[in-house]
Amino acid sequence: MLHLHNQSVNVYSHLVGASDFAFYSFHVIWGRDLDQAHGRSEGRIALLLYCWSVAICFACSAAFHLLSNHSPSVSSLCNRLDYLGIIVLMWGAMVSTVHFGFVCSKELRILYWTLISLSALCCGRTILGTDFASARLRKRRTIFYAAFGSLSLLFTSHGVVTYGWRLQYVRMSLSWMCWTAVANTCGAIIYAMRLPERKWPRRFDVWGSSHQIFHLLVLLAAWLHLQGLTQALAAVSDMGGLCLSRKPCSGLLRE
């Protein structure tokens, strides 16, 4: 870890990210700016779940890039944990967003939590039971994760149709979520196309490779999603527990 090599950026970028989100989880629990007046306990739990899922994902990623040259068996194990960590992050991001998007419907929350969790389990089974980590499946892995992430389009669209755009824009912080999607999509495209090292070989072995850019964009996306969830927590709390089926809280939307 003390020597500069082609995995240094990958290791430290996600090691720092894992530490940041782990420490922020304590702020979620005890932070004064997230006191009872600014969020119910259920909202805190949703935010805490997301922070832990990100910390787990980034810790698995850092461990893989640090130990990948240990031995073939350790590399294979850590590689699978790395891919499983991505599923954990996506699961945590979606279930926490569902909490705020369907805060007034316990039935819909349970429905989407179940659907997302079952899909995550199926994805995990695929990762553990197939040759998922091979280099030749690089583009397929990108499509695989995109398919799992498309569940967010399903529950977001459902929420907008059910409650209206104006209310869901506030409750789900859709502007932040859109920027999150942009960062993740850009990272996935760069990772799949292996730019810029594919066009300029050997120039980006230590700095600036596609995987490093992907790591940094995923870090950015995780932070953007956290900001969105924090604003969603504040928005839902400011509604004072009032649940309306379709009419948005006009006082909230004017702020």
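Glycine is no exception: its Cβ is also placed from the backbone N, Cα and C atoms.
Remember, TrEMBL labels are computer predictions, not curated facts.
Quick look at what TrEMBL lists:
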type	residues	note
BINDING	H65, H211, H215	Zn(2+) binding site
TRANSMEM	12-31	transmembrane segment
TRANSMEM	43-64	transmembrane segment
TRANSMEM	84-103	transmembrane segment
TRANSMEM	110-128	transmembrane segment
TRANSMEM	143-164	transmembrane segment
TRANSMEM	176-193	transmembrane segment
TRANSMEM	213-236	transmembrane segment
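Apart from H65, H211, H215, the residues listed for Zn(2+), the same chain places the Cβ atoms of Q7, V9, N10, V11, S13, H14, S61, S209, Q212, F214 within 8 Å of the centroid of those Cβ atoms. Between the listed binding-site residues, namely H65, H211, H215, the fewest other CB atoms within 10 angstroms of a CB are found at H211. Sequence-remote contacts of a segment are chain residues at least 6 beyond its ends whose Cβ falls under 8 Å from one of its Cβ atoms, and for the transmembrane segment (176-193) they are 97, 138-139, 142, 145-146, 149, 152, 156, 210-211, 213-214, 216-218, 220-221, 224-225, 227-228, 231. Listed by sequence, the residues of this chain that lie at least six past the ends of the transmembrane segment (143-164) yet keep a Cβ under 8 A from its Cβ atoms are 86-87, 90, 93-94, 97-98, 101-102, 104-105, 108, 112, 115-116, 119-120, 123, 126, 132, 171-172, 174, 177, 181, 184, 188, 244-248.
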